[in-house]
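For Cys70, Cys72, Cys85, Cys88, the entry in Swiss-Prot reads Zn(2+) 1 binding site, with the evidence type sequence analysis. The Mg(2+) binding site annotation in Swiss-Prot covers Asp460, Asp462, Asp464, and the record cites sequence analysis as its basis. What Swiss-Prot records for Cys814, Cys888, Cys895, Cys898 is Zn(2+) 2 binding site, and it gives sequence analysis as the kind of evidence.
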Amino acid sequence: MKDLLNLLKNQGQVEEFDAIRIGLASPEMIRSWSFGEVKKPETINYRTFKPERDGLFCAKIFGPVKDYECLCGKYKRLKHRGVICEKCGVEVALAKVRRERMAHIELASPVAHIWFLKSLPSRIGLLMDMTLRDIERVLYFESYVVIDPGMTTLEKGQLLNDEQYFEALEEFGDDFDARMGAEAVRELLHAIDLEHEIGRLREEIPQTNSETKIKKLSKRLKLMEAFQGSGNLPEWMVLTVLPVLPPDLRPLVPLDGGRFATSDLNDLYRRVINRNNRLKRLLDLSAPDIIVRNEKRMLQEAVDALLDNGRRGRAITGSNKRPLKSLADMIKGKQGRFRQNLLGKRVDYSGRSVITVGPTLRLHQCGLPKKMALELFKPFIFGKLEMRGLATTIKAAKKMVERELPEVWDVLAEVIREHPVLLNRAPTLHRLGIQAFEPVLIEGKAIQLHPLVCAAYNADFDGDQMAVHVPLTLEAQLEARALMMSTNNILSPANGEPIIVPSQDVVLGLYYMTREAINAKGEGRVFADLQEVDRVFRAGEAALHAKIKVRISETVNDRDGGSVSATRIVDTTVGRALLFQVVPKGLSFDVVNLPMKKKAISKLINQCYRVVGLKETVIFADQLMYTGFAYSTISGVSIGVNDFVIPDEKARIIGAATDEVKEIESQYASGLVTQGEKYNKVIDLWSKANDEVSKAMMANLSKEKVIDRNGDEVEQESFNSMYMMADSGARGSAAQIRQLAGMRGLMAKPDGSIIETPITANFREGLSVLQYFISTHGARKGLADTALKTANSGYLTRRLVDVAQDLVVTEIDCGTEHGLLMTPHIEGGDVVEPLGERVLGRVIARDVFKPGTEDVIVPAGTLVDEKWVEFIELNSIDEVIVRSPISCETRYGICAKCYGRDLARGHQVNIGEAVGVIAAQSIGEPGTQLTMRTFHIGGAASRTSAADSVQVKNGGTVRLHNLKHVERVDGHLVAVSRSGELAIADDFGRERERYKLPYGAVISVKEGDKVDAGAIVAKWDPHTHPIVTEMKGTVTYVGMEEGITIKRQTDELTGMTNIEVLDVKDRPAAGKDIRPAVKMVGMDGKDLLLPGTDVPAQYFLPANALVGVADGAQIAIGDVIARIPQETSKTRDITGGLPRVADLFEARRPKEASILAEVSGTIAFGKETKGKRRLVITPNDGSDPYEELIPKWRHLNVFEGEQVNRGEVISDGPSDPHDILRLLGVSALAKYIVNEIQDVYRLQGVKINDKHIETILRQMLRKVEIAESGDSSFIKGDQMELTHVLVENERLSTEDKFVAKFTRVLLGITKASLSTESFISAASFQETTRVLTEAAVTGKRDYLRGLKENVVVGRLIPAGTGLAYHSERKRRRDADKPLRVSASEVEAALTEALNSSGN
């Protein structure tokens, strides 16, 4: 017995390790793992079912089949443990050693390992400096390779086919050695002198000029250094011994009916053994060369199939035509070892059932069916029954539970008390998808869920199912209660706003009770206190909506923790007074003295949380819910067909639109407008009509006429049921009501383009057959979209989690002074996000001064909370530099100051918080709400984009930002730059609106002018691009010959003549190389120069430009020389929604990206090539000019002689993030990506905090490219981890050596995940084979810093409570360090020493 206890104790010891290293196994190492050689392909005896000796399941090699029993049955029981039976040779041990004991196969001829051969880039190929095809020809016995040329003219590594080989034999005899097959490759690899080669390559690289050659050499050099550093020998990539997997990991299971189910690996091993044995026999018989050669080739193919079936040639299939699953297939993909078993395990103690509503529950409770609870808590019940003496043994307890005796239920109730359970709803898209509740036993079979947590789970009660898990250990229960309880997760981690927000019925009820009605019963009465209001309402003496006065006493907490009590009389309604009864002390009456729409309720809960704290808020949320349900029941709101009131104006509006469309059709028929223009105009018209109808409808619905107390007819907000639902935010939206009572509007075709004929009917009138047919398409597309979206969104989340999983808060402060500049986010005339909102929860990086003074009003290092936000807004501060995850200088992980506030808790983030995963989930979770569509500019979308003026919304002072302009004779300014912006600042100097000014805009105000609201301050023609002169003079035409480069056009309507520049394609041969231009000459007939340069002022005219000035005409500054019609610039598709977010995170280079100026300087055009223009920028500092070839069809924004700054746009198009990083730096890139991603989410009304996006961006910017290696060991052009380079540079600078110079590189999330330091994390993500091959060759160490690696090796993750565990473990181990070295460590050290010295 004592033996047994010791045995159990020994099994429980955990290996202590800090890193995992992967490498190539030497033949000696494989033999040292092995317990014997497998010599026969047999598996088990078909009669006795016992394993065959020396076969694939041999008990002598792998261990006994039954516990403590040898095969022949001579030794049984525990007492013979460790005895080796002399009859059958089997050791008496536990049967589970068959899971760990390996064997080996001695190969009769060496075999190349397919991973190192075929996984690109081929490692064997790189080392030997041969192409993959050549090596394959050698390996598969098609050519000879020269191993030792001796004194002959042959070269080492040269390939010879049969003829050449025999010729060489005749010529040189035995002076040279050439062979084929893997042994030849092994010899060549063995002969490589790594040290000598590395030295040679290091000398060769600096002397090479060609880029491709340098790349190739540095690849080889890296590989050789990896081999040298890791202690792997190149010849180990060719196997001479093959390890055999333990038999219980490739089981053979008897099925009923005498058949067997077997793992595919057994078939693959059998082929290898068969071929190997046949080859041995052939070699013993010294068979003819050709036969041996064929057998060797077959052996190579068999081993290939075993290691990675289908990697080369056709996959070997089993009896059912299905490819066999090889060792590589076992570990890769969703069904592979990593994702199926290591990262996604099944869980015991769990149940699942349908969910129903639990409106009577408290927020921290869930209803658990008794039957389910009984099953889940069984072990606890058994224990309790035994402890109470109700059952003598566990077996008896089990019987009691099965019979469901009354005592059992009592015990169950006791066991369940204060034992939280976890509820999970798939898909778990963010951490709120699993929360803890206290179970309440209920009858029935469905789980009851509290309505307020539905939003977090995204659950509804139309048949959703949820899973229940029981936290078993005390620690697990503690964490569930303290961290996962639904009451502790009131705020969403994505944006810090409450996620416990009432929806639907509750909102409707609260809205209904806080509305006011004119002339309701009891209007105008005055009440002494809230209790009186309650009594009168219950007695039916006052209606819920009656306007009354009431005396209230309230206590209001301020931000600093003090509170003020007061009594006052307020104007309100009965309903609001009743609602105030449930509002916690500390909030003012004003928070409920308004109609409670969904936004208002959310704001109320938020305010409650910030002012009175968590506990009160939870109680309040529950009370709100109960009240809401009660009053939505009382309201009796329902929908009937008569609620859809169709506006009378609808017929008139549609009639007018139809007439206009007819007019456009007739214009098109007579050729005045093009097809495209007609289409755009018609769609514009119908969009306008639709808007008008819906405006009329909403106006109609939202107001109703009533008689007031004085008998007059007045308007009040409508009590129409449908309007109330939409207005409160309970259900439905204006767009949906429009389809019910307005008109359905325009529909889209399958390709996303809009159909010209709209559906003029609505659902109340009913659709005609044609209209129904048109609309089916959109409905079906909606469903198909949803299915696609879910998969794509899930994949995006997976990639995001993977790239950010190892980002954990590891220290309080990294001490950096850098940060990001935050300004209010202003689009057009709207402040989309005020500065206060953007800096909330961030730490200030540099002191903030009061505008115009030197007074510090917010010191650096302040965590901005709501109080500070008010302060910043009050002092009209325009910009603040805040700490950001991107600029954090913590080596591994991130510091709390750079991250700022933990959004879900409302205080500074704790050390150990897994901020990377939270960021990934926050971005990925709303992904399913994004659209999959790409928008075509055209139709409804383009109406907004064709702005032609700036009309200011608020009065204020004009500010012009980086605007280059010239002043016209009439005093107006004309913009001659593209990045110019016009902003309006209010009296405090805060910018309230900001507009982009296109080139050629005429601005009627100057910097510092005061303007009134509604003033139009700038105008331009949206349909053409002008070319504006910057000087006055006389026009001279250059190269403008009619019929050759230009054509004259007379407008039919106006009779005016235009000159149009011909496209190069349409010109005759004589005009192909002529560049038409307009030149400016002075009074004296000399060429004028552009101001500030010595470039002649001439404006080259692009194709299709319309010239508006005559030859010899006098023109003034700011006049327009020519216009380029806008139609020519191709209509781009705007990628919207999910694909856009994915593109940004993958850092994909857009097609036809905008071209940015690489240097600052003056523009000129050089000699053109076929189809391309040569753009030359001469830098102002006199360094070498920069040249770039640009395709002719790209429309350039710059003219000869113009000044540009580095990073300015030369040719429009979507921005390329890589260019922004290279030319403008990290903070410009951060601003661009954050804004672009936020735009997509904002369009769907999703709020995500900027710092989540910055957190992911930090991971995308992990790598740098070495520009100059200095004295470091890096190679120029290498991509290295930033931290790695910084550490190396610190070391070099302390030794007074030259440091390496580098540039930051932006990697897409997939690439960043695959290039992470941890090979376990990368291998479990994608491209498993490639990652593992790379890691093995370089002998990589994984220091298990991330979360994923630790989950894979089965440890606690180093985040949250696990971080404490890990640091304690390290501390303990460091304290015990000198004391003991375990036997396994000694053994490991010995084998490593043997391996490195062996061979």
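Sequential numbering from 1, following the chain as shown.
For all residues, glycine too, the Cβ spot is worked out from N, Cα and C.
These numbers come from a predicted model, not from an experiment.
Sequence features annotated in Swiss-Prot and their locations in the structure.
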| residue | record | contacts (Cβ under 8 Å, 6+ apart) |
| --- | --- | --- |
| Cys70 | Zn(2+) 1 binding site | Ala59, Pro64, Lys76, Val83, Cys85, Lys87, Cys88, Val90, Glu91, Val92 |
| Cys72 | Zn(2+) 1 binding site | Cys85, Lys87, Cys88, Val90 |
| Asp460 | Mg(2+) binding site | Cys454 |
| Asp462 | Mg(2+) binding site | none |
| Asp464 | Mg(2+) binding site | Val354, Ile355, Arg425 |
| Cys814 | Zn(2+) 2 binding site | Cys888, Glu889, Thr890, Cys895, Lys897, Cys898 |
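Highest Cβ count within 10 Å among the binding-site residues Cys85, Cys888, Cys898: Cys898. The binding-site residues considered are Cys88, Cys895; of these, Cys88 has the fewest other C-beta atoms within 10 angstroms of its C-beta. In three-state terms derived from DSSP, Cys895 (Zn(2+) 2 binding site) belongs to an extended strand segment.
Of the chain residues outside the Mg(2+) site list Asp460, Asp462, Asp464, Ile355, Ala459, Phe461, Gly463 have their Cβ within 8 Å of the site's Cβ mean position.
The Zn(2+) 2 site, placed at the center of the C-beta atoms of Cys814, Cys888, Cys895, Cys898, has further neighbours from the same chain whose C-beta lies within 8 angstroms: Glu811, Asp813, Thr816, Arg883, Pro885, Ser887, Glu889, Thr890, Ile894, Ala896, Lys897, Tyr899.
Those same-chain residues not listed among Cys70, Cys72, Cys85, Cys88 yet with C-beta within 8 angstroms of the centroid of the Zn(2+) 1 site C-beta atoms are Ala59, Leu71, Gly73, Lys74, Tyr75, Glu86, Lys87, Gly89, Val90.
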